[in-house]
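A short worksheet on the structure shown next.
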């Protein structure tokens, strides 16, 4: 109910009705009052005119009694006529009840003295009681000299008339006026409602449009064709709606781009407001925050508080377990609506970079050592032969064998470095051919038969000789050579090394499994990284460069396949190679 009363249509309609009703009431009151006054004045003027004529008739008549009787015949019923010579000496014996009361009014009302003494016309309303009811009459006294008396200058012609006819006329006029006002008010009500609805229709359309705009719907644009202020308001609102839509679209696009950029960042991003609440975060930040410990959280909170105090950019390193982060906090003047400030936290995972840097350092140290050792041996044994220190043929032969072995070792190290450099510069190319896998595995069997016997290892090859794979013979030879060499380093006499073939619907699978020392879990994710070495697990043979498994991974991926490792410390390691089947 209250919502309807608050409607502009109802308010405008009620306003029009109130104004029209007020005007009609005032006009009706004025009209009724005027008509009452008009008819009363007309009646009074008519009575006065009758009194003047009777006075003139009686004055000019020779037979005054006949003139009076004639006048009474004309005036009486419904009115009455009295001609009084002396108000103080009148007989009431032959008068009717009404005339007696009229005469009593004339005698007792001092206003009528002006008729006899001053010759003025006097009019009064007189209430007469007759037969238990009251009736109002108009009584007019008019001076005349038709019958002089010794007590007064003038005689008086008194005419009275019943006002009931005037009251009936006034009542009829009042009823007609009220009925007319009601009819006019009814018509005005309907017209006012129609007019207010018509006038406010554009406003209601604008209200609906404003509601839709507040809900995010900018497609509704009502057409208001009027040339008045409402039409101008509609045009301005439509233009404003279009501009708002454009701005919202621009903001949405900007927000989507910003969110996409933030979510695609490799750094974790957090937005912190003055209440120290997170108002913005990307997936990387969520992952980091879910996995950090309480000490790291305390570290972040301290840095955030320091940034709020200094209002400067802070950059600090955070080490947590085996991971390394760089935390950057920047103060922002306005990060929320209302001009509230905050801090943007950027957490970058530098673990890979740190490990890579560490591996480079280790690589330089290892390569320096690996190069220095064979070079020192080459120099030492050759100097011994040249200087004649070693003269026995068997000793010379043994020294030359050591020189040859160290030369091969140095050559292998240099080749690995050159291969990696060539891969970085030119990329890796493979020439795949559809050929039996047995050709590769037979080659490996022959190559490592003697080495397995020397090391006391049980090396087995299980494969289907008729099965064909799509691979590059030379590249896969390089891969298996590296993996079998590594397996021999991880094992001890009596352990097993098994090379097994398998397949699924889309891939050919090769397993290289050993029962050696295994690899610790913290190293598994990094064994294929460049320069990475698990030195603690190496128990036999010469030191490597940390590039072998990295090269293996590049070769397998260039084949369109994948290489993975599973290991359990103390129980052994399995490398799994998957290559796409020939088309």
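Placement of Cβ uses the backbone N, Cα and C atoms for every residue, glycine included.
Remember, predicted model here, so these are calculated numbers, not experimental data.
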Annotated stretch (transmembrane segment, per Swiss-Prot) among the listed ranges 175-195, 196-216, 217-237:
175-195
How does the model score the topological domain 'Extracellular' (33-174) in terms of mean pLDDT?
75
For the transmembrane segment (12-32), find every same-chain residue at least 6 residues outside the stretch whose CB is under 8 Å from a CB in it, and list them.
170, 173-174, 177-178, 181, 184-185, 188-189, 192-193, 195-196, 199-200
Provide the three-state DSSP residue tally for the topological domain 'Extracellular' (33-174): helix first, then strand, then coil.
71 helix, 36 strand, 35 coil
Give the residue counts of the domain 'HAMP' (197-249) per reduced DSSP state, in the order helix, strand, coil.
39 helix, 0 strand, 14 coil
